[in-house]
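Participant: Here it is: the structure, laid out below.
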Amino acid sequence: MIPFLPMFSLLLLLIVNPINANNHYDKILAHSRIRGRDQGPNVCALQQILGTKKKYFSTCKNWYKKSICGQKTTVLYECCPGYMRMEGMKGCPAVLPIDHVYGTLGIVGATTTQRYSDASKLREEIEGKGSFTYFAPSNEAWDNLDSDIRRGLESNVNVELLNALHSHMINKRMLTKDLKNGMIIPSMYNNLGLFINHYPNGVVTVNCARIIHGNQIATNGVVHVIDRVLTQIGTSIQDFIEAEDDLSSFRAAAITSDILEALGRDGHFTLFAPTNEAFEKLPRGVLERIMGDKVASEALMKYHILNTLQCSESIMGGAVFETLEGNTIEIGCDGDSITVNGIKMVNKKDIVTNNGVIHLIDQVLIPDSAKQVIELAGKQQTTFTDLVAQLGLASALRPDGEYTLLAPVNNAFSDDTLSMDQRLLKLILQNHILKVKVGLNELYNGQILETIGGKQLRVFVYRTAVCIENSCMEKGSKQGRNGAIHIFREIIKPAEKSLHEKLKQDKRFSTFLSLLEAADLKELLTQPGDWTLFVPTNDAFKGMTSEEKEILIRDKNALQNIILYHLTPGVFIGKGFEPGVTNILKTTQGSKIFLKEVNDTLLVNELKSKESDIMTTNGVIHVVDKLLYPADTPVGNDQLLEILNKLIKYIQIKFVRGSTFKEIPVTVYTTKIITKVVEPKIKVIEGSLQPIIKTEGPTLTKVKIEGEPEFRLIKEGETITEVIHGEPIIKKYTKIIDGVPVEITEKETREERIITGPEIKYTRISTGGGETEETLKKLLQEEVTKVTKFIEGGDGHLFEDEEIKRLLQGDTPVRKLQANKKVQGSRRRLREGRSQ
């Protein structure tokens, strides 16, 4: 009979507990079995934290790190659950004998629980008929229980102790594979719920007590050994907060933000609850601002709550969790302490309630969404924020406004920059503050952003980088209550001059500029556009005589091909390139140019750039010390080949006798602007001695056609219309004519005006400005026998200058209405009035 029991228990274990790939506990156990197989059959490798009795089936991560929660571990080899050693044999070749639940408690070493089961008269129940799951506290768990609680249980074994043990039991067999994450299982004491959590790292907890020895099969159930004694729970998180004096500040904040009631509902929450001491650490102004802002206070409260139940024993390393606020926090461990965002702050852990678990912390967690934009800066942006505060810009960032900070890292500020005149430094900082809130996902290539200083900054988006002007972003963008912050590698320098102006300003580029102008390409670099120009310094032309330069200039096609190979459409910032890989661009000449960013240096056709990212209003300049030449373009002229070979030694220039350079059309990059001006409408409202005049100003419709640069050939004799950039200037005039309104339409009009009797009639004229305005007003205040003016055209003036001068000299110009005269614009109305 005895040999049959081990065989029977092995068969039963295989039937009721097959390995399930979706069962995290079994999966980790299988890994531990594999790591221990060199020690013999059915041996599992465990990691034990040095200086403690805590043991874990190892995960891959912890196994190779040789640490858990930052503490070193040692490897133990033990029999896997359900097996035992035999004297003289390697490994664990025998299965444990099977017994009823009471007997199994002794087999697994839970002798204190076994003794208490006997004392409370529970033994008869768990030896008899039925099927039970017993979460049995280990002997160490009983030793760690509060002494007063333990004495209370021992003094009333028939009621208190029995009830406590029943609260550790389920009236059916449930193996670890059956214990699903988030389950609430009624216990055998008043159906009080047992909260089950089954974590991806293989940890299984019951009311936050970890199963340290699971799946010990019994004839009438199963025993799981746990690392602590379960306490009865019946209150919610809300109930605990309302009853706990040390959470009065948190309670007040939760009530203000309408969060407290939500913590009384069903769920599986984790609350990191700041104590009163934690709130006292906050600057009063910060706390008052947040609590006075409903959105910010709600965000603050929700940032302390997870929608999952995270027991301390489940945390074996850093992991990121999403809060109810929407942002994430990192929960980790350092020895026996829980860390939040890398900081030890948990004073008391694993306060289990009927809808979650509470960890008390000594710091208030403030999410970015509750912070002012200046508070979003981290340790690497303190130079920027300190300067913003010192120069008075921080006070200008109103809590009710919205801004974006483009914050350079600390090492972007050189000693020369910091020693600048404060007025100049303030202007530089203003270039790093935008008037609006712009998140990272709202930025796009070609976007124009306006700073609080009135400067316009351009956005460039590349495969692996986002840049604004000359500086590219680093990771760390955040959004706060009244703005966003983006981190930049360098100080942003807005462009002030065009490509041509930059070349003209810098004497290093005088030779290249003279060749560019000789090739009739000056206009290209003065027009608005987006270009990348690779500019050779004068050193690139050392050794070239004036005669050789003249030869080069005489062959305009060759010169244009060479110059345009240095120019490519689009703005490409050096730091915007993906490091270490070749970026291929097509030049305006048509051939390809190869760029690579290596060790913060831009390589152009494998030549090191001497200086990069010189920003201009219509592009960017990268400086090289060699003349560039397209390797796929042959030369067919001996003289030209000799000159080029003299200047270019890093490639072998092809020579094909008789070959000529292709003609490249002179290109103009323009932005088309169509401006439509609608004539003003004039309305007359009668019924008073003084006419009521309503003037509707000109309507301006501005259409901007965006897209790729337009290239076209300028033919000889063709008229080129220059687009003038900037806002059109519209002069506004008001015409007032007293008398009877006469509507002018597009048809033949005949009208005679006869003035009889002593009645004085005159036409009142008002203009929108001009040097004769005051004199004209004076004239109209004097007695005038008769003034008649027919309005022709639509220029907005009643009289020409010469007519006004004659009028001032005493002449009275009179013009008769002419037949067959069509008035321009069917919507024009003439207003005449009469004044006596």
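Just so you know, glycine gets a Cβ as well, placed from its N, Cα and C.
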Participant: Per Swiss-Prot, which of Cys208, Cys333 is disulfide-bonded to Cys311?
Facilitator: Cys208
Participant: So one of Cys44, Cys60, Cys467 should carry the feature S-cysteinyl cysteine according to Swiss-Prot; which one?
Facilitator: Cys60
Participant: In Swiss-Prot, Cys92 sits in a disulfide bond; tell me which of Cys79, Cys80 is on the other end.
Facilitator: Cys79
Participant: For Asn599 (N-linked glycosylation site), list the number of other Cβ atoms lying within 10 Å of its Cβ atom.
Facilitator: 7
Participant: Sort the residues of the domain 'FAS1 2' (234-365) into helix, strand and coil with DSSP and give the three counts.
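Facilitator: Split into helix, strand and coil, the domain 'FAS1 2' (234-365) gives 48 helix, 40 strand, 44 coil.
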Participant: In whole Å, note down how far the CA of Cys60 (S-cysteinyl cysteine) lies from the CA of Asn599 (N-linked glycosylation site).
Facilitator: 35
Participant: Can you check what DSSP calls Cys60 (S-cysteinyl cysteine), collapsed to helix, strand or coil?
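Facilitator: Assignment for Cys60 (S-cysteinyl cysteine) reads helix.
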Participant: Summarise the domain 'FAS1 3' (368-492) as counts of helix, strand and coil residues per DSSP.
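Facilitator: Breakdown, helix to coil: 41 helix, 36 strand, 48 coil.
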Participant: Let's check the environment of Cys60 (S-cysteinyl cysteine): how many other CB atoms sit within 10 Å of its CB?
Facilitator: 10
